[in-house]
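Working notes, beginning with the structure itself.
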2 protein chains.
Amino acid sequence: MKPARFLPILDWGRRYDASALSSDALAAVIVTIMLIPQSLAYALLAGLPPQAGLYASIAPLVAYALFGTSTALAVGPVAVVSLLTAASVGRIAEAGSTDYVTAALTLAFLSGVFLLILGVFRLGFLANFLSHPVISGFITASGLIIAASQLGHILGVGAHGHTLVEILVSLVPEIGATNMPTLAIGAASLAFLWWVRGGLKPLLQRLGLPAGPAGMIARAGPILAVAVSIIAVRVLDLGARGVALVGEVPSGLPPFTLPSVQPDLIGALVSSAVLISIVGFVESVSVARTLAAKKRERIDPDQELVGLGAANIAASFSGGYPVTGGFARSVVNFDAGARTPAAGAFTAAGIALAALFLTPLLASLPTAVLAATIIVAVLSLVDLGALGRAWRYSRADFAAMAATLVLTLVLGVEAGIAAGVALSLALFLYRTSTPHSAVVGQVPGTQHFRNVDRHDVITAPNVLTLRVDESLYFANAGYLEDRILGLVAEKPGIEHVVLMCPAVNAIDLSALETLEAVNEGLREAGIALHLSEVKGPVMDRLKRSAFLEALTGEVFLSQYEAYAALAPETARGALEAARPEVCPNAESRGLHPL
Amino acid sequence: MKPARFLPILDWGRRYDASALSSDALAAVIVTIMLIPQSLAYALLAGLPPQAGLYASIAPLVAYALFGTSTALAVGPVAVVSLLTAASVGRIAEAGSTDYVTAALTLAFLSGVFLLILGVFRLGFLANFLSHPVISGFITASGLIIAASQLGHILGVGAHGHTLVEILVSLVPEIGATNMPTLAIGAASLAFLWWVRGGLKPLLQRLGLPAGPAGMIARAGPILAVAVSIIAVRVLDLGARGVALVGEVPSGLPPFTLPSVQPDLIGALVSSAVLISIVGFVESVSVARTLAAKKRERIDPDQELVGLGAANIAASFSGGYPVTGGFARSVVNFDAGARTPAAGAFTAAGIALAALFLTPLLASLPTAVLAATIIVAVLSLVDLGALGRAWRYSRADFAAMAATLVLTLVLGVEAGIAAGVALSLALFLYRTSTPHSAVVGQVPGTQHFRNVDRHDVITAPNVLTLRVDESLYFANAGYLEDRILGLVAEKPGIEHVVLMCPAVNAIDLSALETLEAVNEGLREAGIALHLSEVKGPVMDRLKRSAFLEALTGEVFLSQYEAYAALAPETARGALEAARPEVCPNAESRGLHPL
């Protein structure tokens, strides 16, 4: 199994049969039809010639089929990675120049190498530090920026810039120069694609088609728009009326290309390559995980890094640009019945056929149609409702999402996501540094202990019990010390302090030293410190320190045992008292009964 | 009480009486005797003229007495802050120049303003992010650097540099130029002070003195060394034999000085001011907390920031340099019976008297004696044993401590502590991103559920129960998803997955969305997802999301209720089975029985 671990095709390839072949082939045909216009459009978005999109949809798919673990992931050009490519390469070279193409190849190569390194050293967990609110805010902002950047193509004028503000400002003075035939084509395409997206599937279903095939046919909307617009351009000779066309696309298979090894260029691209790798990986692995779970399969995130790394390296040697697993295409691939990564290789064959035989037709394709496909695709990524859901669930998550969204729109994609990651880490650290803690007492008639502020409980006058609902570590050790010493200073009758630890999953050295200081401080004030309900792994660790010997009190297995030992009359009295209705006052206070 | 909150003297001043006065005055006399040589020595360490140390021990103490909340904290020049001052000011100006003195005043002012801002906005918790291992490694490294930097004074040669390596390298070529009389005085002082530290107190106790007074007298060792060496210099005319002396110290009260408002200088000092403030605050607040606890008192960390901020601003207007609460002096102050912050004001009066009347004597004081007092003082800060204790307790804490220590020695104080903070945060995030989790089963004869790897428990074939011992947040959400889906993929008979949440103190939006994806993935695979033992605050939050409606399973109050509902026969059978000796195999596996 060792080689199959690194080359999953050795595993599934052995069991490949005619049934899998026919399923994979059917899925590949459907994905190919979807991918042809997408690959051209995303190349346009990335500032690259249209054939770069086709090339990025051939060799990378074969490489992923060899190394990837997802049976449904459809690798290739995607919107957000294309935008990131445009933002980083656009800083270095003029769009349309040879330098620009070389920089994109180099970016793909660096991104591939970085992904491979992460995979080989099993560092995939690093991607987890990109939180969902940050990704959500970033994707929404990216969608808005991408849509804005395509408005120029729809109007037939130039637009430039990498932030929403820059793009809109560059558009305003150009509006007077709008090319009407282009606008007509663009607006018609937008309207058609929008209707296809929302209205075609239900229509087909009303006409008697089952939901599955109806959905598949609706996915072919963009290729229909492409075909019709090519015919319109040829028949009406729209090129002569100022409609921008894709123009000559060379026929044939991808060329052999080489990334640059210039240190200056590599230095300028490396941070963008890291960002593109991580964003692409996160997008890809989340859809791969979800689709695998539906079939009780699983993916290996570290091997996914290897697969995506191989795909990007393949892109850099075959005239492509950075790729990753696309969300919408993967879902289509899954729904169409793809059973192994071979479906991706068959899709590559389909795109290769298109590159060989369909390119003469594409010369007459208006860029406005491609822009319309991009706008319709990315506006489905824009999810402003997520802001409302985040606000209702958690203010901290809302803050991270809103900050990422706004900063990405205003400062650009790279600064926006960096600020989002920093903010979400800071908010997490802040939350854990001021943990929830509660003074607890015994629920009458039970051996249970609950928060005195939420429940009618019985407390012993000489015992203070504090439950801390967080692992103890350096950032909250000082808080804990202040809380205990503050409570003791307020209540002069205290003889025992019990720290109830069922929610303490770890105690680090800082917290241990703080507990030692608290123990010592309380000892001099004539108060004993006890622990209760300490977890096994935490206890194992405490035994390796001098703390348990210095502890003035005891470690009790349960909080009730602590009360029974330290305040036996209170404990017995509470146990024999009538048990109240479960938490009678919790509901009236708007609290959960636990 | 409102004004007293911000000006604690309004509170304790009202209750001040003759008994408190006599206690405070006695403590002040003892601290003054200890502080005279220390203040001169630390000014030398900071690269400032000796009077700067005296000035820093007058107005700042009065300012702290007005605003501080600790009854025992002895504010003034301390070793580590003096080293940090030398490191930051030394980058900007030549030691001995007016610019150097102005830069030190400005540093004190900036540090004071920063502390005040933190205090007013109640941001004291930020200091918690300096973990104990980082502080410990930093203090040990600082002690070694300070001791090395004083070797030049002991040998009577020049030494310079801000890292251990730089200092030692600068010393080597100078060794041949050692001044023998200086070395004799330095070595004799070192030996005497070392003996005083370790041997004088036991000797006095053997002579019949109680421990308290014996300890106080031992603290006067440095002033004795100062006095004897001044006499020796005068009698033997050692100044003429090349022994470096403190030289002319101006008599009189502190001058009125102003910090610089030059933007360049402020820009160059501001990051050092932040570092000095935080390091000084952490040192000060930890000793203040410990001493307050011994008397069942408490300090207010945010008001402490105000007190230390006022002290530093006072230092900047009265010829001083950055100050904070000193560890050893505060303990002496406490042991000597200080009862209110007034003891600090009386100490200020004592130092003012010394500045008025003792300075003519100090001209003949050899710098080697001051260097010896510094070396003996800081070597007590060096705690290499902490490395061993950290190693035994936790590899992560050891790594943070060792890295801070080594990087501080090699790269200098500022880079060292910055690297330590970054590393300790990274280690914490790594630990929480890969949480402990356990598949659990029912302990026979009980309703308890424990780890299947640690205990002989009974599990139902159709139910998988996973207990996660960490709050769920963005960095471990992916881990959780992989763990659940991995377990399900391994065990084909599973119909129910129960996530047991007694240790889950929070679920953030990323983790919520992951749970939604897991729920959806399992649903498509025909598996229901349930939760058990969800905490109140977590449940309150989940109710504000759509998750509970989408959940395919239920939320059970206890894990036993989950088993009783999902696998009633297994649950009943396990409950009726003979209860084993408590965890018979736990001890043999070297595990804690919980």
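Glycine is treated like the rest: Cβ placed from N, Cα and C.
The transmembrane segment annotation in TrEMBL covers A:25-45 (among others). Note on the transmembrane segment (A:25-45): residues 51-54, 56-57, 74, 76-79, 82-83, 86, 146, 149-150, 153, 216, 219-220, 222-223, 225-226, 246, 321, 326, 329, 332-333, 336-338, 343-344, 346-347, 349-351, 354, 358, 362, 365, 367, 369-371, 373-374, 377 of its chain, located 6 or more positions outside it, place their CB under 8 angstroms from a CB of the stretch.
Sequence-distant contacts of the transmembrane segment (A:52-80) (same chain, six or more residues past either end, CB-CB distance under 8 Å): 6-9, 12, 31, 35-36, 38-46, 101, 104, 108, 139, 142-143, 146, 249, 253-255, 279-280, 283-284, 287-288, 291-292, 295, 297, 299-300, 303-304, 306-315, 317-321, 323-327, 329-330, 332-334, 338-345, 347-348, 351-352, 354-355, 374, 377-378, 381. According to TrEMBL, the feature transmembrane segment maps to A:52-80 (among others).
When Cβ-Cβ distances below 8 Å are used as the criterion, the transmembrane segment (A:100-121) is approached by residues 46-49, 52, 56, 85, 88-90, 92-94, 257-260, 265-266, 269-270, 272-274, 276-277, 280-281, 302-306, 308-317, 319-323 of the same chain, each at least six residues removed from its ends. What TrEMBL records for A:100-121 (among others) is transmembrane segment.
The transmembrane segment annotation in TrEMBL covers A:133-155 (among others). Beyond the transmembrane segment (A:133-155), the same-chain residues lying 6 or more positions past its ends with a Cβ under 8 Å from any Cβ of the stretch are 44-45, 79-80, 83, 161-164, 167-168, 171, 174-175, 178-179, 182-183, 186-187, 190, 244, 279, 282-283, 367-368, 370-372, 374-375, 378-379, 381-384, 386, 390, 397-398, 400-406, 408-409, 413, 416-417, 420-421, 423-424.
Outside the transmembrane segment (A:175-196), and at least 6 residues removed from its termini, the chain residues within Cβ reach (under 8 Å) are 153-157, 218, 221-222, 224-225, 229, 232, 238, 241-244, 366, 368-369, 371-373, 375-376. Sequence annotations record features per position, and here TrEMBL assigns transmembrane segment to A:175-196 (among others).
For A:217-236 (among others), the entry in TrEMBL reads transmembrane segment. Away from its own ends, the transmembrane segment (A:217-236) comes close to residues 30, 33-34, 36-38, 185, 189, 192-193, 196-197, 200-201, 204, 209, 243, 245, 332, 361-362, 364-366, 369, 372-373 of its chain (Cβ-Cβ under 8 Å, at least six residues beyond either end).
Sequence-distant contacts of the transmembrane segment (A:265-288), counting only residues of its own chain at least 6 positions beyond either end whose CB sits under 8 Å from a CB of the stretch, comprise 69-70, 72-73, 75, 78, 80-81, 84-85, 87-89, 91-92, 102-103, 106-107, 110-111, 114-115, 118, 124, 126-127, 130, 135, 138, 299, 301, 304-305, 308, 312, 322-325, 327, 330-331, 414, 417. Annotation comment: TrEMBL describes A:265-288 (among others) as transmembrane segment.
Long-range contacts of the transmembrane segment (A:342-362) within its own chain (CB-CB distance under 8 A, at least 6 residues past either end) are made by residues 16, 20-21, 23-25, 27-29, 31-32, 35-36, 39-40, 50-51, 54-55, 57-59, 61-62, 64-65, 68, 71-75, 230, 246, 249-254, 333. Positions annotated as transmembrane segment by TrEMBL: A:342-362 (among others).
Taken from TrEMBL, the feature transmembrane segment covers A:368-387 (among others).
Annotated transmembrane segment per TrEMBL: A:399-430 (among others), in sequence order.
Across the domain 'STAS' (A:453-566), the model assigns an average pLDDT of 90. Summarising the annotation, TrEMBL assigns domain 'STAS' to A:453-566.
Under 8 Å from some Cβ of the transmembrane segment (A:399-430) lie the Cβ atoms of residues 83-84, 87-88, 129-131, 133-134, 136-138, 140-142, 144-145, 162-165, 271-272, 275, 279, 386-387, 390, 475, all in the same chain and six or more residues away from its ends. In the domain 'STAS' (A:453-566), helix, strand and coil residues by DSSP number 52 helix, 21 strand, 41 coil.
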